[in-house]
Amino acid sequence: VMASMAHLQEEKLRLQEELLGLQEKLAARENDELSRSLQLQGQVETLTAKLLEQAQEIGRLRSELGGTDVEKHRDLLAAENERLRQEMKACEGELRELRRQQQAPCRDCTHLQENAGLQERLSQLQREAEEMRAKLAELDLEVQQKTNRLAEVELRLKDSLAERAEEEERLSRRLRDSQETIASLKAQPQQIKYIIKTVEVESAKAKQALCESQSRNQYLQEQVGMQRQVLKEMEQQLQSSQKTAAQLRAQIVMYEAELERAHGQMLEEMQAMEEEKNRAIEEAFSRAQVEMKAVHENLAGVRTNLLTLQPALRTLTHDYNSLKRQVRDFPLLLQETLRSARAEISQAIEDVHSTNRELLRKYRRELQLRKKCHNELVRLKGNIRVFGRVRPITKEDGEGPEAANAVTFDADDDAVLHLLHRGKQVSFELDKVFPPQASQEEVFQEVQALVTSCIDGYNVCIFAYGQTGAGKTYTMEGTAANPGINQRALQLLFSEVRGKEADWDYAISVSAAEIYNEALRDLLGKEPQEKLEIKLCPDGSGQLYVPGLTELRVQSVEDINKV
């Protein structure tokens, strides 16, 4: 029934999805039809504009021309006008037909795909044309920048030539001044020599004047030498300036030639770019014309396909109506199916409940039988059992041959214990005897059945008796790594409780009492010295209890250890 309901639910979801898909298809076709009608309206407006242009052309020809040729041309234009009117009427008829039918072209039509491809190709050509225009603009900008840099170079070259001319003029002036100074210095020593020759016979005063003149002559000669050296340096500077000027003139000539070459190259590149641009524009225009012609042809094919799609639309409409009727009848069918399913499910639930009740009854009977068998087993083993455990020899027992073990065991019977006392062997028979090598796990296996009896509702008591140092604490408590009977019994108790918590509720509490010197003390009470008594339960069950004894609720072994 659940599988049938799931199948009906899946069928309902599938029908709803198909209905939504049909609605989406109809909405998409309505949108496409609207866009198609807008395109046809644009074509009608274009044809109307062409008619107006033809009418204007006819009027212009009538006003400008006359005679027979004009009349022929007018007749041709009138025929063309009439043809355009018929085409416009046909387009308007198609537009009205498409608006009335409210149908959309096929999405997967090859003509539409070709049209989309042609439009994409046209947009790509337009983008290429835009890129060519951008490149041309970049080249124009680069030419402008190079022209500006060339003008700057010419200005710097003119400034350099002007500075070089000024430097040559200044050096020429300095050269002329140096030559005049040399000429004047060359003229002065002859006078001095002449004076020296003419004053040789004069007095001592004249001789002193002669010495002064000689010293002055020497000074002037030194000045002449310095001026000659300066003249040589200036000649060298003039030669280097002339070399620099020649180099600059060569560079100017080279720059002018490079400028002319770059200008010519730039003009050639501009002319080539212009030609390439015109050629690309012409090619793009011709391709666009061809593609537009193909688009018009594809448009005619699309119109033909639109006419062929009408039967398919009628079929889809019929299928949609049948699905609509099925969806309208689906709730009644679903309600009837749900009623039958509810009845079957109720019957199945009732059968399951009866089966569960029978199983629960059998489980409880088996539980009582298990408890009875377990108790019978415990009774057969003995309600009161006494075990003996012998501890190993320790250092406190002494060393040497006198430290021999006074206890021996029977190899054939694990319930017999032999003791050597005053030279005589005394035997004791118990329920079981554990030798020194017995483990804590082996000791616990003999008493773990009593935990099940405790859960079944019987009183259980496990205690150890012996003198100081006999191993009572080790047997009952043990260590953290090797626990004793107490810890193992508590772990088993809580494990059994967790296994039965789905069917039973257990409450576990702990109390600790001590009997010492005939006095009973509550070890968990606030006043341990308070006197307590052991009494029989008033319900007549014969059980003993201690009124006022402190009891603490616990949930785990850790809680008991904390207590």
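The chain as shown is numbered from 1 upward.
Cβ coordinates are placed from backbone N, Cα and C, and glycine is handled just like the others.
Database features, via TrEMBL:
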- GLY466, GLN467, THR468, GLY469, ALA470, GLY471, LYS472, THR473: ATP binding site (BINDING)
- 5-188: coiled coil (COILED)
- 231-287: coiled coil (COILED)
- 383-563: domain 'Kinesin motor' (DOMAIN)
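One way to see the shell of the ATP site is to take the Cβ centroid of GLY466, GLN467, THR468, GLY469, ALA470, GLY471, LYS472, THR473; the remaining same-chain residues with a Cβ within 8 Å of it are ARG391, ALA464. Just so you know, the Cβ of GLY466 (ATP binding site) picks up 12 other Cβ atoms within 10 Å once every protein chain is counted.
Long-range Cβ proximity for GLY471 (ATP binding site), meaning a same-chain Cβ under 8 A and a gap of 6 or more residues, is found for ARG389, ARG391. For the binding-site residues given as GLN467, THR473, the lowest number of other CB atoms within 10 Å of the residue's CB is seen at GLN467.
A simple way to gauge crowding: the CB of GLY469 (ATP binding site) has 11 other CB atoms within 10 angstroms, across all the protein chains here. Summarised as a single figure, the pLDDT of the coiled coil (231-287) averages 81. Within 10 Å of the C-beta atom of LYS472 (ATP binding site) sit 17 other C-beta atoms, taking all shown protein chains into account.
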